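Novice: Swiss-Prot lists these features:
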ACT_SITE  His174  active site, proton acceptor
BINDING   Gly8, Ala9, Gly10, Asn11, Val12, Gly13, Asp32, Asn94, Val117, Thr118, Asn119  NAD(+) binding site
BINDING   Arg81, Arg87, Asn119, Arg150  substrate binding site
Amino acid sequence: MVKISVIGAGNVGSTTVQRLAELEPGEIVMTDIVEGMPQGKALDLMQAGAINGYDTRITGTNDYADIANSDLVIITAGIARKPGMSREDLIKTNSKIIGDVAGNIAKYAPNSIVINVTNPLDIITYVAMKATGFDPEKVFGMSGVLDAGRFASFIAEELKCSKRDVEAMVIGGHGDLMVPLPQYTTVSGIPLPELLPEKTIDRLVERTVNGGAEIVELLKQGSAFYAPSAAIVRMAEAVIKDSRRVLPASAYLEGQYGQKGIYFGVPVKLGANGIEEILELKLEDSQCEILKKSSETIRKGISKLEI
């Protein structure tokens, strides 16, 4: 039986628990600092199991001790973006929150794999790794799966085809300098540049980069949670099933892509040990330049941390 703990019972956390419960991993613990919220949502989700047909045990708690012996811990805690805010605006507040969260993960679930979802994603994942003291391959961030999903959705909409036929790839930082890769994006195996003109692809790339902000502006309060939770569960499933799926993730680089000592979105193999392998792709010069700028932004953010 697999035990999964989700830290943060807000929209992303609770929706993730719902999707995970339907996979029937065994046990899920949802924890939050707000008294009553994780307990109430857990009770609601347990009752949904009688209707949707899953027997997953779901516990809501305010006590970190309840995450003890978790196989997988998913961090969704922290404040969300508001209109006009960038992911980088969240550095100071969320780094303190996640530093505390990570310390409790190290204390109660020292053998777990950790997926971070809190923004600014690449910087906060670095905080989580440092604060837990875990090996870097056991701590990684959810970024590219979500960004690639948005890219794929826009492509399917443009081509009027099934989303199931689109396989997209997005790398780089989870922010304004992410790098969608049309040359590694296919529709039923057909490279995207064979199906759409360059100007159209550029437009879809731009919308992908601004995909999260577009939703924030429309919602006025809060940020996306349905697509992020779907992306989290895709990654979690690869870990708990040891399927070694090739997915983009924010991984700790030690020389790959010319970067060292930072977290960065790259294609990886995900399995029971976390990041089993980092895959390096040949990139165009313009894409390499954006990646360089993205890495500089991440390094600048890390330099502001007090860890």
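Glycine residues also receive a Cβ, built from the backbone N, Cα and C atoms like all the rest.
Quick one: where do these features end up spatially?
Specialist: For the recorded site, His174 (active site, proton acceptor), the DSSP three-state label reads coil.
A C-beta separation below 8 Å, combined with a sequence spacing of at least six in one chain, links Asp32 (NAD(+) binding site) to Ile7, Gly8, Ala9, Gly10, Gly13, Pro38, Gly60, Asn62, Ala77. Under DSSP, Asp32 (NAD(+) binding site) is assigned to coil, being neither helix nor strand in the three-state scheme.
In the three-state DSSP scheme, Asn119 (NAD(+) binding site) is classed as coil.
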Novice: Are any of Val12, Asn119, Arg150 (the binding-site residues) within 10 Å of His174 (active site, proton acceptor) when you go C-alpha to C-alpha, and if so which?
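Specialist: Hits: Asn119.
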Novice: Give the distance between the Cα atoms of Val117 (NAD(+) binding site) and Arg150 (substrate binding site), rounded to the nearest whole Å.
Specialist: 16
Novice: Roughly how wide, in whole Å, is the group Gly8, Ala9, Gly10, Asn11, Val12, Gly13, Asp32, Asn94, Val117, Thr118, Asn119 that binds NAD(+), by largest Cα to Cα distance?
Specialist: 17
Novice: Counting across all protein chains present, how many other Cβ atoms fall within 10 Å of the Cβ of His174 (active site, proton acceptor)?
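Specialist: Taking all protein chains shown, His174 (active site, proton acceptor) has 30 Cβ neighbours within 10 Å.
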